[in-house]
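Copied over from TrEMBL, here are the features:
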DOMAIN    193-318  domain 'GGDEF'
TRANSMEM  12-30  transmembrane segment
TRANSMEM  36-56  transmembrane segment
TRANSMEM  68-89  transmembrane segment
TRANSMEM  95-117  transmembrane segment
TRANSMEM  129-150  transmembrane segment
Amino acid sequence: MLSAGHSSKFALLLHVLMLIPLSAYGVYHIGWESHIVGVVLIIAALPLALSVFRLAQGKDNSLYSKTFIIVVCMALLGVCYQLGIRGLIYTFGAASMLFFIFGFRAGLVLSVVYTILSIALSLNAAPSVLVFKFSIGIGLSLLFTAFFAYEVETNQKALERQANRDPLTGVFNRRMMSKALAQAIDYGKRYRRHCSLICIDLDHFKEINDTHGHTVGDEVLKQAANCISRTIRGTDSLYRFGGEEFAVLLPETEQMDAMAVAEKLRESLVDHSFDCNINLTASFGVAEMVIEESADSWLKRADDRLYEAKTSGRNRVV
Ligand SMILES: Nc1nc2c(ncn2[C@@H]2O[C@H](COP(=O)(O)OP(=O)(O)OP(=O)(O)O)[C@@H](O)[C@H]2O)c(=O)[nH]1
């Protein structure tokens with residue numbers, strides 16, 4: 001499988017391989033053949049060149065890729081209208097690219113609409129029997145591409161889930177937490193914004209496992225994660241970063257407000273009815289981000305307060 005670094009290099013290579021003949025062909029047309037075709041090719045090459053530039057910088061290029069393929073499809077519709085079958089030959093290639101640039105759902109709608117339009121426009125310049133025969137070939141090829149794009153997208157989502165989420169509770173994992181803390185610090189430094197972190201540790205969890213077994217313990221962990229997810233805002237995010245340890249990141253939130261959220265979470269866990277009539281409590285450590293500190297020191301401050309909550313009696317917020 002390709003790593004993220006390899007796949008972006010591969011995407012860059014593909015873009016460059018497309019850009020060189022496209023712009024060369026455009027220049028050739030402007031100089032020696034049809035001016036209009038040359039200008040259209042150069043217009044299509046511009047967003048592609050910007051896309052190459054963004055990819056080389058390691059930045060998101062989706063806007064330019066989308067612009068590129070839309071320009072290409074519009075130009076090809078014009079070619080279908082003028083030249084019939086000679087335009088239709090390119091329909092399949094452009095329609096398949098729509099899947100990979102816009103994603104499966106949007107790609108399916110766009111490619112079907114685009115294919116129907118190019119077939120209809122081709123009838124202007126080609127005999128209908130020939131267009132009909134070509135359309136069958138294009139339809140079958142598109143069916144195959146749709147199936148392939150669906151498989152790729154489904155597998156990609158499953159891989160992303162495996163890499164970013166905790167398999168038991170479905171919440172974000174420790175890897176995502178480190179990434180989110182580093183991003184919050186960068187954002188806070190640049191825009192001078194507040195952000196708080198709540199570390200949560202379920203109390204006496206070992207007893208639950210020992211008394212009721214690991215299966216019930218797992219179920220309690222899932223229910224606790226659900227209860228926390230339902231209590232926090234959509235803009236906050238929940239991570240499981242240890243066995244029975246969770247963390248909530250609260251953007252745009254100051255210490256006092258984060259303490260209030262932690263208190264609300266503590267109460268909702270106490271009020272939640274867990275399986276086997278288990279009375280679960282949790283301890284909380286809250287720390288607002290300090291500009292200029294590292295992610296590790298921020299996490300350590302929240303964790304130290306959590307430890308304080310544990311040693312001072314549990315089921316409390318520090
Ligand atoms: N069922 C289950 N248990 C887990 C999982 N991960 C960790 N644990 C258990 O969580 C327990 C944590 O125990 P301790 O670290 O002693 O903490 P505690 O019993 O909650 O005690 P305090 O934190 O001091 O209140 C251990 O028994 C681990 O086996 C998991 O994924 N599923």
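In case you wondered, yes, glycine gets a Cβ from its N, Cα and C as well.
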Per DSSP, what is the residue count of the domain 'GGDEF' (193-318) in each of helix, strand and coil?
63 helix, 27 strand, 36 coil
Among 12-30, 36-56, 68-89, 129-150, point out the range having the most Cβ pairs under 8 angstroms from the transmembrane segment (95-117).
129-150
For the transmembrane segment (68-89), sequence-distant contacts whose Cβ falls under 8 Å of one of its Cβ atoms, 6 or more beyond its ends:
40-41, 43-44, 47-48, 51, 97-98, 101, 114, 117-119, 121-126, 130-131, 134, 138
